[in-house]
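Trainee: Take this structure, written in structure tokens, and hold onto it; I'll ask about it next.
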Amino acid sequence: MELYYLSAKEITEKIKAKEISAVEVAKATFDRIEAVEPKIQAYVTVTRELGLKMAREVDEKIARGEDPGPLAGVPVAIKDNMSTAGIRTTCSSKILENYIPPYDATVVEKLKEAGAVFTGKTNLDEFAMGSSTENSRFFPTRNPWDLERVPGGSSGGSAASVAAGEAVVALGSDTGGSIRQPAAFCGIVGLKPTYGAVSRYGLVAFASSLDQIGPFARTVEDAALLLNVIAGHDPKDSTSADIEYPDYLSFLNQDIKGLKIGLPKEYFIDGIDAGVKKAIDDAIKVLESLGAVFEEVSLPHTKYSLPVYYLIAPAEASSNLARYDGVRYGYRDFEAEDVVEMFSRTRAEGFGAEVKRRIMLGTYALSAGYYDAYYLKALKVRTLIKEDFDRAFTKVDLLLTPTTPTPAFKFGEKTSDPVSMYLSDIFTMAVNLAGLPGISVPAGFDGHLPVSFQLIGKPFDEGTLLKVAHAFEQNTEFHKARPKL
């Protein structure tokens, strides 16, 4: 097996046992990036020099007999909406194209302390607004399984980098499905933790009540390993939960016999691709054979999650993105004759079409006369969506649904119809609205394209999701498949 396709656990074990060096793994990964990146375009910035320096530091620590950390020598990609001191952080937008932050996000600090090796910053839909990575200012990222298709979004670069062997694990952010949907399209594991479980300090805000950082990995074990590193209370994030966080790896080999899994009838609807439906049915059979018990549940307000999301998220975005005005940092139009013209021209030239669409929509929803009719009503329905989940969890331990209605779609297929694009996140949005954890797990193929299922858990019960996902993974072979590049 090529070094870049080893799991994070295998890499740390081999490096600590001195079977391989961190520098060897880093070189193999950067060589892989050089070889396949022209096809995939997962990265906005590749940090080869920094990565090799970090790898050398791991090897030096081991030589001195020091503990190199739980991610010793593991190549990690970081979505380009997380602050990295001294490394360009663009959000794939013209407005931040040359922005170099002076500080690290909390998750980035934690990765450094854990001995990770940074491969670079990955491409995304501009300001994380999109479902296909076609909204990037720079270029679209391609799906490693089919270069004519999207990798999903908004964390498409992170998902594609892990699937293509350009990183071993990666960080993404998930506001309405932006980790789980690209993980499904690229055939890897993607976990959105409970809101508040991972610090948002240093994550460029899109919708602050929905955003959450989480891991991409090729195995459930690697996702648990990365979650161990990034989860935890952070006083710099006022929404960070001050609770005891478990060792997520300790859940992996637990028995799932007798676990009750709910199947929400509102998620098994017309419009689901036949290949996705078959993969879900097969996954249910595997979990039943391991002793899990299934029952139908109802989440009646699910049907409102799309309109609720597209009122709340743009409303928060319109407020958060007001800071990009050309005054303090980022792009500025120097041709303007006065400050008002400078504001308007900077924003008109700096933001792409989808970002402008959402700023307009959010500003409208928050404006006088419409605030109560739209935004306030959406907040009330959000509460009803959350209460549906609370009721379901009195009967079952977790829920199983499709992650996406279809496998990855072709470039340009949905760009002219925003609502059709938004519908690709129809099964993931409610999880963000309710602040719950969700994981996308590879469940097979529809032709040559990966398909997945989603597990949704109670707040801060990532352990149960990881336990069930790992049990499924250990009894199937889907996670071992690799794209031919």
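Each residue, glycine too, has its Cβ placed from N, Cα and C.
The active site, charge relay system annotation in Swiss-Prot covers Lys79, Ser154. The feature active site, acyl-ester intermediate is assigned by Swiss-Prot to Ser178.
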Trainee: In whole Å, note down how far the CA of Lys79 (active site, charge relay system) lies from the CA of Ser154 (active site, charge relay system).
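Mentor: Counting only the Cα atoms, the answer is 9 Å.
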Trainee: How many Å separate the Cα atoms of Lys79 (active site, charge relay system) and Ser178 (active site, acyl-ester intermediate)?
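Mentor: Rounded to the nearest whole number, the Cα-Cα distance is 11 Å.
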Trainee: Applying a 10 Å Cβ distance cut-off over all chains shown, what neighbour count does the residue listed as 'active site, acyl-ester intermediate' have?
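Mentor: Counting Cβ neighbours of the residue listed as 'active site, acyl-ester intermediate' within 10 Å gives 37.
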Trainee: With every protein chain in view, how many other Cβ atoms are within 10 Å of the Cβ of Lys79 (active site, charge relay system)?
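Mentor: Around Lys79 (active site, charge relay system), other Cβ atoms within 10 Å: 32.
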